[in-house]
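According to Swiss-Prot, the protein carries these features:
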type     : residues : note
TOPO_DOM : 1-33     : topological domain 'Cytoplasmic'
TRANSMEM : 34-54    : transmembrane segment
TOPO_DOM : 55-66    : topological domain 'Extracellular'
TRANSMEM : 67-87    : transmembrane segment
TOPO_DOM : 88-119   : topological domain 'Cytoplasmic'
TOPO_DOM : 141-153  : topological domain 'Extracellular'
TRANSMEM : 154-174  : transmembrane segment
TOPO_DOM : 175-183  : topological domain 'Cytoplasmic'
TRANSMEM : 184-204  : transmembrane segment
TOPO_DOM : 205-212  : topological domain 'Extracellular'
TRANSMEM : 213-233  : transmembrane segment
TOPO_DOM : 234-253  : topological domain 'Cytoplasmic'
TRANSMEM : 254-273  : transmembrane segment
TOPO_DOM : 274-317  : topological domain 'Extracellular'
TRANSMEM : 318-338  : transmembrane segment
TOPO_DOM : 339-346  : topological domain 'Cytoplasmic'
TRANSMEM : 347-367  : transmembrane segment
TOPO_DOM : 368-380  : topological domain 'Extracellular'
TRANSMEM : 381-401  : transmembrane segment
TOPO_DOM : 402-420  : topological domain 'Cytoplasmic'
TRANSMEM : 421-441  : transmembrane segment
TRANSMEM : 445-465  : transmembrane segment
TOPO_DOM : 466-557  : topological domain 'Cytoplasmic'
REGION   : 481-513  : region 'Disordered'
TRANSMEM : 558-578  : transmembrane segment
Amino acid sequence: MDSLQDTVPLDHGGCCPALSRLVPRGFGTEMWTLFALSGPLFLFQVLTFMIYIVSTVFCGHLGKVELASVTLAVAFVNVCGVSVGVGLSSACDTLMSQSFGSPNKKHVGVILQRGALVLLLCCLPCWALFLNTQHILLLFRQDPEVSRLTQDYVMIFIPGLPVIFLYNLLAKYLQNQKITWPQVLSGVVGNCVNGVANYALVSVLNLGVRGSAYANIISQFAQTVFLLLYIVLKKLHLETWAGWSSQCLQDWGPFFSLAVPSMLMICVEWWAYEIGSFLMGLLSVVDLSAQAVIYEVATVTYMRHSHHLAYTAHVARIPLGLSIGVCVRVGMALGAADTVQAKRSAVSGVLSIVGISLVLGTLISILKNQLGHIFTNDEDVIALVSQVLPVYSVFHVFEAICCVYGGVLRGTGKQAFGAAVNAITYYIIGLPLGILLTFVVRMRIMGLWLGMLACVFLATAAFVAYTARLDWKLAAEEAKKHSGQQQQQQRAESTATRSGPEKAVLSSVATGSSPGITLTTYSRSECHVDLFRTPEEAHTLSAPTSRLSVKQLVIRRGAALGAASATLMVGLTVRILATRH
């Protein structure tokens, strides 16, 4: 296991020796490299979340019920759809960055294809829940009128789910190659379309919440199509795309071994905040509206892993952009077996976000009385927001640090640890404490955020301790597997073993009591074949890496499609039966 001193040379100079011991050598250069990478990603995330902010602003000025409906609709879509897809696709952060840093760059295209297939399958069970939005919300004692409007929004949003998944996947495909500006351009296009669509559908045609949902769908399609066309027309795929390959149907096991922990790492945290929204809905429309406004404030200041409104409470733009940048830099360095650079990127990213989050947290506290006016005219909501924002400003500092550590974990392929930490801190500590303070102590929305503050503080401590003891050399070895380098080597050895002779050399060798026996030996420049190897040994050496046959692929992938389709049919059946009663 490599210590900080073993892996990253430290700069002991300067006027503050104690501080310099924490700063790796080359910190300044690495910090600017991270900012150059994360800067466009920051803009991209701002533009992406602006779509939801604009929609919320339009609906917020329609009334409390409309604002609450949009908030719940987006929360429901997040919990039951976007969070799952974004979590599973986060495996691509590990696989794509490490593959692009390795000599096997074409493997990035295979990962893109594999990820697209997996995410499309995920849409089917998510849609099953979307069909029953109103009934689920009523089970949680949500307001009937709010639940009805929420169902309208979610039903309209159904075709937008695979579009969001594809857009997220294309963005990861580019950013893990250090290509960032096309995402910004697509975000500009999406926001322009969204602004015009919201004005036309909500303000002019008076379609209300339904108009906002239609505007959201239109803008999602516009920016996704633009990004896809940009990649093709500018030929950004040439270095990593070798065409459609049946290999994307192989190796789903290793993909899910990263995808499931990635999903849990994100979703257990994401769901905790969405549960907070549902809890606020149990209190009053004012508390729920205040929660929505705080989420939006968080969107502008923090922004984390995904593309949706309600996730904004624990997401802040700059930390998210820096987290992605750290993930890319760490993953590419490990793919190239450069552990020194990988750890330098990790340490530099964490130190940078500490300073940035302190500045942002201070600004939030200073502007606590002004921020609420941006999103609503309701004085009760504005007053409640101003009370909670000081707590959120402290929360933001620790959550921002956790966000960047999440990038380190994704870059190293250690999402399983992140999932475990989030599950414990949010569901065993944070949420129970928040519920206790909210409903028993009667602190209402303030109690929820105090519970979340305790949660992120403990999570930060766990991430710091874990990464300080991380074995970076082992992580580099694992990166070889993720990037397909070991499989390539094994296939090359297998092919060399099975190939015919490159040339024959006749020689006389003495074999025991029979001197002068002439044997023909075969040799290749890259390997030497032992003619005396037993059949079992030869089979062991020449056996290719585990690949499924065509029959096995049809059975297994067909079973996956059948299971996903069956889930959708169950959801449709439940909706029909529930509607009749």
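In case you wondered, yes, glycine gets a Cβ from its N, Cα and C as well.
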Sequence gap of 6 or more, Cβ distance under 8 Å, 3 or more pairs: do the transmembrane segment (318-338) and the transmembrane segment (445-465) meet that?
no
Please figure out which one of 67-87, 213-233, 347-367, 421-441, 558-578 racks up the most CB pairs under 8 Å against the transmembrane segment (381-401).
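Stretch with maximum Cβ contacts: 347-367.
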The transmembrane segment (34-54) vs the transmembrane segment (445-465): three or more C-beta pairs under 8 Å (separation of 6 or more)?
no
Count the Cβ pairs between the transmembrane segment (213-233) and the transmembrane segment (184-204) that lie under 8 angstroms and are 6 or more residues apart in sequence, then report whether there are at least 3.
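These two segments touch.
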Among 184-204, 254-273, 347-367, 445-465, 558-578, point out the range having the most Cβ pairs under 8 angstroms from the transmembrane segment (67-87).
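It is 254-273 that shares the most Cβ pairs under 8 Å with the transmembrane segment (67-87).
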Under 8 Å for C-beta pairs, could you tell me which stretch among 154-174, 184-204, 254-273, 347-367 has the largest tally with the transmembrane segment (445-465)?
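Between the candidates 154-174, 184-204, 254-273, 347-367, the best contact partner of the transmembrane segment (445-465) is 254-273.
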Which sequence positions outside the topological domain 'Extracellular' (368-380), separated from its termini by at least 6 residues, show Cβ-Cβ distances below 8 Å to it?
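The answer is 56-57, 60-61, 64, 67, 286, 289, 292-293, 296-297, 386, 389-390, 393.
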Looking only at the topological domain 'Cytoplasmic' (466-557), what is the model's average confidence as pLDDT?
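Averaged over the topological domain 'Cytoplasmic' (466-557), the predicted model reaches a pLDDT of 58.
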On the DSSP side of things, how many residues of the topological domain 'Cytoplasmic' (175-183) fall into helix, strand and coil, could you say?
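Helix/strand/coil tally for the topological domain 'Cytoplasmic' (175-183): 4 helix, 0 strand, 5 coil.
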